[in-house]
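*Asks:* The following block contains the structure, expressed as structure tokens.
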Amino acid sequence: MSDAKLDKSFNHAAAEPRLYARWEEAGDFACHPESPAPGYCIVIPPPNVTGSLHIGHALDNTLQDILIRWRRMQGRDALWQPGTDHAGIATQMVVERLLGAQGVKRRDIGREKFLEHVWNWKAESGGTITRQLRRLGASLDWQRERFTMDEGLSEAVREVFVTLARQGLIYRDRRLVNWDPVFQTAISDLEVESREVKGSLWYIRYPVAEEPGRFITVATTRPETMLADTGVAVHPDDERYRDLVGRHVILPITGRRVPIVADSYSDPEKGTGAVKITPAHDFNDFEVGRRHGLGMPSMLDPEGRVTLAEIAPEAELVEGIADPARLAEFDGVDRFAARKGIVAELERLELLEKVEPHTHAVPHGDRSGVPIEPRLTMQWYADAATLAQPAIAAVESGRTQFVPKQWENTFFAWMRDIQPWCVSRQLWWGHQIPAWYGPDGEAFVERTEAEAYAAAEAHYGRRVELQRDEDVLDTWFSSALWPFSTLGWPAQTPALAKYYPTDVLVTGFDIIFFWVARMMMMGLHFMGEVPFRTVYIHGLVRDEKGQKMSKSKGNVMDPLELVDEYGADAVRFTLAALAGPGRDVKMGKARIEGYRAFRTKLWNAARFAEMNGIRPDPAWDPASATLPLSRWILDAANNALAEADAALEAFRFDEYAAATYRFVWNTFCDWFLELAKPALNQPDSPEAAELRGAAQHVLGTILRLLHPVMPFVTTELWEHFGYGSDGDLIRAPWPQPAAVAGADEARAELDWVVRLIAELRAVRAEVNVPPSVTTPLLVRDAAPESLARAARWIEPIRRMGRVTEIRPLEGEMPKGVAQAVLGEATLILPLAEVIDLGAERARLATARDKAEAEARKVEQKLANADFVARAKPEVVEENRERLAALRAEGERLAAAIARIG
RNA sequence: GGGCGCGUAGCUCAGCGGUAGAGCAUCGCCUUGACAUGGCGGGGGUCACAGGUUCAAUCCCUGUCGCGCCCACCA
């Protein structure tokens, strides 16, 4: 126990950095792979290296830290694996913008130089988020920090890519991809988001080649793509167009002849029932084009500008329809300008039938925010459908479980219909694809350049020059390996053996597809076992009105500002308390203030303990407790512990928070300490000695119970008091239930005392008796046991119930009394001077009516033969007892009213 | 179009067959020797609506309405 007294309040701003630094320096977060203690592992969802801590991180990491600290205290060798993600597009974007501000363009300085800039940026600014995680109190094992592009993880990436390629699970293919014209790279389906756009539906008349003067009208939202049309499709059963199938149209502007084909893709209900087919610029059209062997020319370059390279050669002059000279004017024109130009040209040609306003969903790049373009390019794909099978099976069999369980449906739905995963990106920042091409384009996928040359030499029979693939891998490719690459794979390290499969993954639903699914696939494929036993999915953090936080709305809460203002413990407790299953977290300042008050309450309870000489006594044995009050609080602490454990086992962070809050505030502070005060005020009494023993024991339990969620204040108190001699709270053993004798009797006794005091308080408050007025408590009809109890608890009752003495009512009923019924007894407070008898009569009448009404309800229930016959016997018995109690209470209240006169 | 979730006190949410709960807000009283970042007491709810199952429904089932999200479609 420190000599200095506890300050009047907890100075979180000073204490938190001090305590965190000490934990880190002492190695308190470190795991010990060689130790015999059973492992427990959580890998952090690696934040983007460009990131800064937002409230979502704060939630995610608070929950992880609670689990890690709890398990660590339980004696598990806990590893919380830290690290950051290189975040391909995001990081490249940041550095490009910085260079851009200095007038430097990426392509001007070249790949090597650019990457140098990125690494420099990372060295300077990449540590922001990990510093911020420390402010939260996150007990990550920083010695093991990894980065998705550090050497070990890069080796894992190459190993995985090469292995999958050898197994035929990674391959090159030329097909349509989602192309982002801003970043000029392919992106995966998941990186595309639909946005509602108010556009138009243009109806274009295509002249039928074989029948001059006849037209077929197509409707389109993208008129500019007509430059690359290679057909028009109608439904085979569509009477309107049956005779046209097999004929051709002459495309306006380009003058190309393209066939009219019958394909059931065409929906007679939509548009005109005839649809233009542009295989190189639309996913559905691509399929139609394939089925009918249509050409697939492209008309947009990587930046989204019109290019005539693949279409102009076919352009021919057709009077009144097409003119190669006009077509040439579109070369190099941006896609949006081209749309206007094409429409204008169609209008001029009188081939634009009409334009309708049309709202539709348009795919946009989630990073760039611009409409993506389907483009026909050669890319690397992973065979996700094959890799998904074991992952689906693992969740079906329960080897990995989602919490809450309904997310499994989401997982299954996506996995069962999974598309090939485009893993190549036309970026510079990322893992460069380990593929080298020979002069004829033959690809050699190898771990190193030397191996690629060796393979090429074997293939060609001579040494040839190779070109390395310029592309890098999707960022999620390396994150997919995170649970095993961070543990040392492909090396077989002790950490890998001990901590894989990891225990829990804590994350938001938004990356189930991006990340969780892919970790499942890769983990099962390369480790032969699931990457984690449980996936805990939490909600989104919203503002107090339930709005999504966004910069544009200006409702963003900065977790670091909250930590500054309220302290990390209060922020963490709030997040945990609000983290109900399947619910978004609505974060409001009022809530945080409330939990800061809770922290203060704990602090003040500790101050009280200190003032009363309550100090750690490891030798004190709970089994030695003889007083009902100490037995009762020890038993209640056992219950709180059991609730907390059950809640944490079930990932019910909200219940864990609620159970500890209730116990500390409503049980320990409001009742135990108050009831103990009279005895503690006689410090030399044996009662005081025992209560100090119980109090120090329970306070120690409280500090440990709360440590996972409030690590700072609990540690500060733990050390101030000097609990534990061999290290601090972070590694203190998790509490075990204390063996308590006579718990049932103690509970019955304390329940009665609590009810008595509550009755006294309620009566006094309701008849407006000021606390300064004290009275004797007269008791009528009390059983001897009640009188004995009252005598045992006289001091706390006097203090908390504002009574001077307790005695049975003898002789005449005094005038002007307030009364209350407690069990068999009637409590009488003579208050002749102050009482408003009318108010008292009304109060008693209300209580009587309530008891009688309740009794009637129960009576009715018991009168129902079906209820008595079919309900569980204990329920029937309960109701009978309740009826008797209610009737007795009503009668006693009625008698009390009668006595007033 | 398919799927998931949610409608419980003014607000935010627990509860999920057998007597409606918490925090905050609100009202009244109280500066009592841990704590006014506090103490004590009170008011406030036809548990969205309509059917059904059951001795008994806020809780289970069906439907309706309202809100949110995900996926798909995107002529």
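Every residue gets a Cβ built from N, Cα and C, even glycine.
Here's the feature list from TrEMBL:
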- A:19-587: domain 'Aminoacyl-tRNA synthetase class Ia' (DOMAIN)
- A:548-552: motif ''KMSKS' region' (MOTIF)
- A:Lys551: ATP binding site (BINDING)
- A:631-774: domain 'Methionyl/Valyl/Leucyl/Isoleucyl-tRNA synthetase anticodon-binding' (DOMAIN)
- A:836-900: domain 'Valyl-tRNA synthetase tRNA-binding arm' (DOMAIN)
- A:841-896: coiled coil (COILED)
*Asks:* May I ask for the residues of the chain that lie six or more residues beyond the motif ''KMSKS' region' (A:548-552) and have a Cβ under 8 Å from a Cβ within it?
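*Replies:* Sequence-distant neighbours of the motif ''KMSKS' region' (A:548-552): 54-55, 540-542.
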*Asks:* So how many of the residues in the motif ''KMSKS' region' (A:548-552) end up helix, strand or coil by DSSP?
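*Replies:* Residue counts for the motif ''KMSKS' region' (A:548-552) by secondary structure: 0 helix, 1 strand, 4 coil.
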*Asks:* For the domain 'Valyl-tRNA synthetase tRNA-binding arm' (A:836-900), what are the DSSP-based totals of helix, strand and coil residues?
*Replies:* 61 helix, 0 strand, 4 coil
*Asks:* What does DSSP give as the helix, strand and coil breakdown of the domain 'Methionyl/Valyl/Leucyl/Isoleucyl-tRNA synthetase anticodon-binding' (A:631-774)?
*Replies:* 106 helix, 0 strand, 38 coil
